[in-house]
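Listed in Swiss-Prot:
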- His71: active site, charge relay system (ACT_SITE)
- Asp119: active site, charge relay system (ACT_SITE)
- Ser214: active site, charge relay system (ACT_SITE)
- Glu85, Asn87, Gln90, Glu95: Ca(2+) binding site (BINDING)
- Cys56-Cys72: disulfide bond (DISULFID)
- Cys153-Cys220: disulfide bond (DISULFID)
- Cys184-Cys200: disulfide bond (DISULFID)
- Cys210-Cys240: disulfide bond (DISULFID)
- 27-264: domain 'Peptidase S1' (DOMAIN)
- Asn87: N-linked glycosylation site (CARBOHYD)
- 1-16: signal peptide (SIGNAL)
Amino acid sequence: MLRFLVFASLVLCGHSTEDVPETDARVVGGAEARRNSWPSQISLQYQYGGSWHHTCGGTLIRSNWVMTAAHCVDSPMTYRVVVGEHNLSQNDGTEQYVNVQKIVSHPYWNKNNVVAGYDIALLRLAKSVTLNNYVQLGVLPREGTILANNSPCYITGWGRTRTNGELAQTLQQAYLPSVSYSICSSSSYWGSSVKNTMVCAGGDGVRSGCQGDSGGPLHCMVNGQYAVHGVTSFVSSMGCNVARKPTVFTRVSAYISWMNNVIASN
């Protein structure tokens, strides 16, 4: 719901409805992930009407810090993070619930211009979580790392399983190979909407991110190890799984120094 406001403002800025990014990105065309197979994945939830509601994903990068998308925390709400989560509708016995104490969005983030980039935020938790088999820190890439075209990647999240569908209750995953910047920024793909501080993945018209996946990780295999190379940012307003409109992510390796500075100063 919150990201549709961003989408509406982009339309007013003159973008064609064929190419307007919709920043409310769930896993379409995926399958249920094996329980706790992605232990750095978190559920970001907001409080409303006395209940907590899933709104975005995120990645645990320190025991008391989470990386997510800036558009996920634009609204002044009370947020909490759930780690060790798999099924949102039941208690798995592995969850830990921690309130968000501080939100630090990138200073250049503009909610009215998502295609400018900088869609990244860090959340400081009220206390450190306990690391175990179900809760682990995400591995981040080296600063400046650029994925090769067609690198093996997975998107994970509790987002919608189809355009305008329902949120998933169990964590989903979908194989989304990366798409190089040169291809993704071509006129037959996203054109100038995609910047070199972003990562594209998918675009086969079958599998994609969708509403509810925003802020969550893109896990990519490089040198035999999965690392979180992307933060789910936007999809096409024509639908989540549109051919030649790959899911677009904030490129994590472009913000390593910024994140280190935020954590060190907070």
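Cβ atoms are placed via backbone N, Cα and C, with glycine included.
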Asp119 (active site, charge relay system) versus recorded positions Cys56, Glu85, Cys184, Cys210, Cys220 - nearest by Cα: Cys56
Between Ser214 (active site, charge relay system) and Cys240 (disulfide bond): CA-CA distance (Å): 12
Those residues of the chain, 6+ apart, with a Cβ under 8 Å from that of Cys200 (disulfide bond): Ser178, Val179, Ser180, Tyr181, Ile183, Cys184, Tyr189, Trp190, Val194, Pro246, Thr247, Val248, Phe249
Alpha-carbon distance [Cys56 (disulfide bond); Ser214 (active site, charge relay system)] in Å: 5
Same chain, 6+ residues apart, C-beta under 8 Å of the C-beta of Cys220 (disulfide bond), given in sequence order: Leu147, Ser151, Pro152, Cys153, Tyr154, Ser178, Tyr226, Ala227, Val228, His229, Gly230
Spatially closest candidate among Glu85, Asn87, Gln90, Cys210, the listed recorded positions, to Cys72 (disulfide bond) (Cα to Cα): Cys210
Coarse DSSP state, helix versus strand versus coil, of Cys56 (disulfide bond): strand
Cys153 (disulfide bond) in three-state DSSP notation: strand
Local Cβ density at Asn87 (Ca(2+) binding site) - other Cβ atoms counted within 10 Å: 15
Cβ packing number for Asp119 (active site, charge relay system), 10 Å threshold: 31
Of the recorded positions listed as Cys56, His71, Cys210, the one whose CA lies nearest the CA of Glu85 (Ca(2+) binding site): Cys56
Rounded Cα separation (Å) that holds between His71 (active site, charge relay system) and Cys56 (disulfide bond): 10
Secondary structure of His71 (active site, charge relay system) (DSSP, helix/strand/coil): helix
Distance from Cys56 (disulfide bond) back to Cys210 (disulfide bond), taken between C-alpha atoms, in Å: 11
